[in-house]
């Protein structure tokens, strides 16, 4: 009885939580590539997370017809995984539905869109929590309801050029290394201590 | 000569002294001083204290072994792991224990469960601490491999319970200690993310926070092993070393223990079938979060909660199996234990096939919950039978069965969950089919004194409990009296005949003398 009651409660909880995943998002293939995006790192340059900076430039592509950007309200600049860093890693998979898409996991900034003939820019210090990977920059344009309407990226459609290589921090510290050594030693020493104690007890008897 | 009387459920008690509190124990015991009752909320020494020490230390090993999977979203970014790296490390984490469980079984037979388990746990704790130092896929695999060795403490847990608890209660003691240990695999899916977020919020970066988090399971593991050494005791009458000195426990040798355990076909059959209840449980522990995450597009936390619930069912499911084994034995004896095991594991297999066919989230979770109960109960039922297969080589048989469980996990993950040959749902259904096939050999297990699934007990003269257990000792060894402990066990195991069998009064050896009742 208790089993059925608890499993029913659990299922209700799951249903409530899963409702959020039922609503789909904008499809990437429907977005127009209307922005020109460039980033400061040169091809082959390796950057260190937490230390190095990149500068992202974006501006409306002058070849699109006037008035395209009337609905543009905000831009969201994101750092996205290049295909080489997505290989064999299903948790970074590219999906057309932007709600399910896991390509672009790092938001650098969200800014208001300005109708400026000169490209806008943003300087970003690579955050310390960035993993070691190869990236590109993608800028999404949002309308008044925060829905994606267009985009631009600093690489080509196949995502093979102008990629940014980042080396992440290891997360290791000297203090952790010492602690691990001490605790491991403590573990082995306590075993030896008890063995010696047993031997002494045995020889006493 | 002592008068012996049979109680309703066939437990032999001596009526010459009060049957309760023989030898000054706080609990009622049999002639081997094994407890005939099980008091869950007591820490009475030595029986219940040993129970709590053993299940908790085993629980901490499970928490450490499966501490990485819930933190994989952080670890895989830190170490730049691929899916293949993760799958290989998952296989490595359960393969170390295959060999370790066999060694552990023999170690228990030779030095006792207290020293054997504490040694293993203290020597694998450094692998847990060193997890905070790793920086590559290869080092990730290595630490998971060595940490996984600690799962061999399962064998010492079962051996210890089989030494402390008498036949009517051995199923429930083994079931609860095993189940509450396996619980660690589910609890860790909740504990590690909580530890990580506390440390992360306190100011560490993500890639440092997960490393610090690993110190907690490591420390708990070390402290529980020290508690085992300081407060535990191998057998009701004392530790192996003391008993060996006083001559109460003759020193056995590895070659004979190995020979008798390895030549008992029943141990091999249970090793195979355990691979398809416990092995399946380990496989599911490794793949189920990813399965729900990918198939039903859940977020990682929800997938983790579902993954945890599979392991958490162990609170009641495995003990339930042990309890069911004991209940069936009271009425039907060993035949009841075997039928119960076969039926429960077959139903588990059917539910596994069904799980892979479920297309909706709610039906999948529902089937998975039922599947977890049957799969884990089968583990408890298996260890209701194991204590009776051999007395001399109890540890080795326990180890073979336990090791077989891990082999099942390795084989299942290699065949069905590596690479992209099968989708995960097809893999799960195929694993279910394999469970059904590999459970059939239980029909081949036959004890001359008790029967098997399809045949009753033999009517030959030496088809008795003493005949079975003393056949593990040679004539010279019998002359020296090495087999006396086995004879006591044989007398105490007579309730495995069930209600019908215990009606006839047998010839029983007590303290080397023969008494016809």
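Each residue, glycine too, has its Cβ placed from N, Cα and C.
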Match it up for me: which of B:81-100, B:141-160, B:241-260, B:261-280 does TrEMBL list as transmembrane segment?
-> B:141-160
Looking at B:15-34, B:35-54, B:55-74, which one is transmembrane segment according to TrEMBL?
-> B:55-74
Comparing B:180-199, B:211-232, B:428-447 for Cβ pairs under 8 Å with the transmembrane segment (B:55-74), the winner is B:180-199
Sequence-distant contacts of the transmembrane segment (B:141-160), meaning Cβ under 8 Å and at least 6 residues beyond its ends, amount to 50, 54-55, 57-58, 61-62, 64-65, 68, 85, 88-90, 92-97, 100-101, 103-105, 107-109, 113-114, 116-117, 120-121, 124, 127-128, 130-131, 134, 174, 177-178, 181, 221, 234, 383, 386, 394-395, 398-399, 402, 406
May I ask you to check whether the transmembrane segment (B:211-232) and the transmembrane segment (B:338-358) make contact, with contact taken as at least three Cβ pairs under 8 Å and only pairs 6 or more apart in sequence counted?
-> no
